[in-house]
Amino acid sequence: MMWRIFLSLVLAAVVLQGTEPLSDEDGPLVLDYYREQCPLAEEIVSRSVAVAVAKDPRMAASLLRLHFHDCFVMGCDASVLLDSYGGITSEKQAGPNHKSLRGFKVVDEIKYLLEEACPGTVSCADILALAARDAVALRGGPRWNVWLGRRDSLEASFSGANQFIPAPNSSLETLIANFKQQGLDIGDLVALSGSHTMGKAQCLSFRQRVYDVQLRGEYELHDKYKRYTTFRRILRSICPESGRDHELAPLDHQTPTRFDNLYYINLLQGKGLLGSDNVLVTQDDEGEIVKQVWAYASNEKLFFASFAESMIKMGNINVLTGSHGEIRKNCRFVNT
Ligand code: HEM
Ligand SMILES: *[C@@H]1O[C@H](CO)[C@@H](O)[C@H](O)[C@H]1NC(C)=O
């Protein structure tokens, strides 16, 4: 009797294994995709990212953001890497990207090494997904599995970049709608916003947040805390009401280069740098988001697990696989 139960369990397990897709994310991507064709691919990416981040710690943030800006415009297809050429108007010229996105040269270097090792094999879109993962891990954040096999787009979308990359002065409602368009929910919005635990923003990205009474209004309450007032005074000294548009401030004033959960502690103290950070706690009428912010602020492990899960989800947005797209030889141009 026991035997029969045991046997049927084993059989069931075997059958299940046979029908389960390789990826437990249920997407078209695959773990260890380059094992046969380019066994060193992941290693080449991680070493290059480590070198780049050692030279410039902010590069970790920049590479993470690059993957985000890729995925939100036509999906994770490296469209963001294309330069203007022929019929293509580069997404790099779009409002949210111009004089702001960084890391293109690092991606070029990685692609160069990969083309040396295994020509025409590893997509630029996969490079972005891997580099983002490695960048986060290098600064003390979580590590997650990256399902691979993305192919590169044959086009870019300048208008898409203007339309789909959220603006720092968006309302909470707009941010939620923006993420929803990408198949991401409020939980993903709150977890992925935690990316702003590292990197920098320009004065023009947070000016409205430190001067505009409307944006400030809801947390006027905090003014009685001197620390908060000091925070705003410092930001105003970095970023005057006009001019010095490109002056930089850290997104996380406490640990600007570490990937940790201090972003959420900042939010609760009214010290999120961008308007889009602050609205998570100031415009959350139902209180669900604030609850999540509290949870992440008090439990870094929980934040790391949610972040990893949401990054995998983001990395699956509208990926090109099979016969769609191509493997670009140069990430800046479609193959001729
Ligand atoms: C929720 C909506 C979001 C808005 C409105 C937003 C907006 C911004 C803005 C305005 C900047 C500064 C750009 C500049 O001044 O040059 C920035 C920086 C950054 N963002 Fe976001 N972002 C959002 C979500 C995300 C997500 C989902 C990620 C990653 C998964 C991310 C990662 C980053 C990183 C790492 C930086 C710093 C980049 C660097 O230092 O080079 N952001 N973001
Ligand atoms: C957000 O900023 C842009 C560019 O500075 C501006 O045109 C727009 O009116 C602002 N939107 C809101 C809701 O304040």
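Cβ coordinates come from backbone N, Cα and C, glycine included.
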Recorded disulfide partner - CYS38, candidates CYS118, CYS124, CYS203, source TrEMBL: CYS118
From CYS124, CYS203, CYS239, partner that TrEMBL gives for the disulfide involving CYS331: CYS124
Ca(2+) 2 site partner of ASP252, THR255, ASP260 (as recorded in TrEMBL), chosen from THR197, THR229, THR282, THR321: THR197
Member of CYS76, CYS203 annotated by TrEMBL as disulfide partner of CYS239: CYS203
Filtered recorded positions, from ARG65, ASP77, CYS203, whose Cβ is under 6 Å from an atom of ligand 1: ARG65
Binding-site residues compared (SER79, THR255) - the one with the fewest other Cβ atoms within 10 Å: THR255
Distance check against ASP77 (Ca(2+) 1 binding site) for the recorded positions CYS71, CYS118, CYS124, CYS203, THR255, keeping those with Cα within 10 Å: CYS71, CYS124
Using Cα positions only, nearest of the recorded positions to CYS38 (disulfide bond) (ARG65, ASP70, GLU91, ASP252): ASP70
Distance check against GLY75 (Ca(2+) 1 binding site) for the recorded positions CYS124, THR197, CYS239, ASP252, CYS331, keeping those with Cα within 10 Å: none
